[in-house]
Amino acid sequence: MVGAKAIAGPSTSLHLTQQDSEVCSVIVKPPFYQVSGCRSVPCTCCCHSRWPHLTESTYSRLFYILLHAGASAVCCLLLSRTVVERVWGKTHGIQMPSGLCAHLFGHSHCPVLSGSGAVYRVCAGTATFHLLQAVLLVHLHSPTSLRAHLHNSFWLLKLLFLLGICAVTFCIPDEHLFPAWHYIGICGGFTFILLQLVLITAFAHSWNKNWQTGASQDCRWFLAMLLATLGFYSMAGVAAVFLFHYYTHPAGCLLNKILLSLHLCFCGLLSFLSIAPCIRLKQPGSGLLQASIISCYIMYLTFSALSSRPPESVILQGENHTLCLPGTSITEPQTPDTSLAVLSAGIMYACVLFACNEASYLAEVFGPLWIIKVYSYEFQKPSLCFCCPETVEVKEGQGEGAARPDDQETSPVPPVQAQHLSYSYSAFHFVFFLASLYVMVTLTNWFSYEGAELEKTFTKGSWATFWVKIASCWACALLYVGLLLAPLCWPPTQDPKPPPIFMQHCHRISVAR
């Protein structure tokens, strides 16, 4: 991506391709790979030219994603009471052998190898693994640096190290692990939620600014904006209808009705503020597209919260009925639906992976203050890569996200072989550290981790998880409103730039429709 503009013609392209192969031969065979369990060869050396060129760091990122997904799957299996009973035949969980326990702890009371205790220990191992790598890779800006190989190689050693950390955590007694690690997990989980909210709002702002830049030049971009906005609002509306239909009942569910109505009011308020004249005077890039994306996300958080709420029981016609959960009919007893639980868990983990990868990319492009700079970035030209600015554009603009001086040092290596990291290794591991804590507290019902079971977490829910997700929804709305209203407190500039005439015309068309 960085050296894309260096390819000017066929001869130049051929020359760079030859140099690229030479660079590959240098980078693929560092001495560190001799002690690595498996070697990741960059795709630029082995794939056809019509396929995207993948780098070592990309393969490393995929490996870490699979590693984290595998650890999360192990946590789910250890937390599932059904799996423990069917595989090990244990009703009250798996115990360590009494002889080994007496040798390690000096008494026969062993930590349980299943349930919430096992989830805490596995996540403690993965979190420590990523935190150590995040510390070791701080201020790393070159993929050919000595420390970069700690991220891109040593796979067998790192896997053994991770398993060793997890094994050590299982040797820690419950009374020494739970008190401190529980509060660390709560703080890390809330921090990860706030990071997700920042990323989703930055995603909406970037997409809207990107396509508005094109809409000021070509009506086709405006049509694309209009269709995307209508699509997101349609999804939010359909989600609201389904939530009212499946998560409310004429005989109860008053809290669900109040929350759904309140969140719909939030969506309407956000949409109104996004196109308010005073807001657009300070932020010409504000529009309905970003409001529609946030409205969809609010409806998802509402669905996730309502599906995590414990059911409500009432007596109808002399029979006990379970309400506030999806059922087949309003008059029939409602029962938990595992398919919705699986859908909610899948979307949740997809958001986790999006946050981990997007945060590490933005941290490398914009630097340490990327959380602030990403909102002020202005697109010079529209593109279909609506989720985030491209590295080339940021460095050419020399604006808020200009490249650091360390990244501009001369080197005999050709420009196609990037001398800059495609994402921040340190930020990548730190966000995975927070993600491990978030997965841990989510699976164990946040504050009420005692007696947590996988079947109850995603089907029967808990009030702690319910209110955490409701608070996340409110925080998302407040963050978006704060981003819209904050520029109103800034002093006026000497040469304010009003919205372009074409954009005002497109805005009137959008409001009229």
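Cβ coordinates are placed from backbone N, Cα and C, and glycine is handled just like the others.
Automatic, uncurated: that is what TrEMBL annotation is.
Positions annotated as transmembrane segment by TrEMBL: 62-80 (among others).
Residues annotated as transmembrane segment in TrEMBL: 154-172 (among others).
Tertiary proximity for the transmembrane segment (178-200) is limited to same-chain residues at least six positions away from its ends with a CB under 8 Å from its CB atoms, namely 117, 120, 123-124, 127, 293-294, 297, 351-352, 354-355, 358-359, 362, 371, 431, 433-438, 440-442, 446-447, 449, 468, 472, 475-476, 479. Residues annotated as transmembrane segment in TrEMBL: 178-200 (among others).
For the transmembrane segment (221-246), same-chain residues at least 6 beyond its ends with a Cβ under 8 Å from one of its own Cβ atoms are 208, 211-215, 256-257, 260, 264, 267, 287-289, 292-293, 295-296, 298-300, 302-303, 306, 325-327, 382, 506, 509-510, 513. According to TrEMBL, the feature transmembrane segment maps to 221-246 (among others).
The transmembrane segment annotation in TrEMBL covers 258-276 (among others). Same-chain neighbours of the transmembrane segment (258-276): 236, 240, 243-244, 247-248, 286-288, 290-292, 294-295, 298-299, 302, 305-306, 470, 473, 477, 480-481, 484-485, 507, 510-511, counting only residues six or more beyond its ends whose CB sits under 8 Å from a CB of the stretch.
Within its own chain, the transmembrane segment (288-306) is flanked in space by residues 200-201, 203-205, 207-208, 211-212, 225, 228-229, 231-233, 235-236, 239-240, 243, 247, 256, 259-260, 263, 266-267, 270-271, 273-275, 324, 344, 347-348, 466, 469-470, 472-473, 476-477, 480, 510, which lie at least six positions past its ends and keep a Cβ under 8 Å from the stretch. The annotation transmembrane segment is assigned in TrEMBL to 288-306 (among others).
If one looks beyond the transmembrane segment (338-356) by at least 6 residues along the same chain, the residues whose Cβ comes under 8 Å of a Cβ in the stretch are 65, 68-69, 72, 192, 195-196, 199, 300, 303-304, 307-308, 326, 428, 431-432, 435, 438-439, 442, 458-459. The transmembrane segment annotation in TrEMBL covers 338-356 (among others).
Summarising the annotation, TrEMBL assigns transmembrane segment to 427-447 (among others).
Sequence-distant contacts of the transmembrane segment (467-490) (same chain, at least 6 residues past either end, Cβ-Cβ under 8 Å): 193-194, 197-198, 200-201, 204-205, 259, 263, 266, 269-270, 273-274, 278-279, 282-283, 286, 291, 294, 297-298, 301-302, 304-305, 308, 375, 446. For 467-490 (among others), the entry in TrEMBL reads transmembrane segment.
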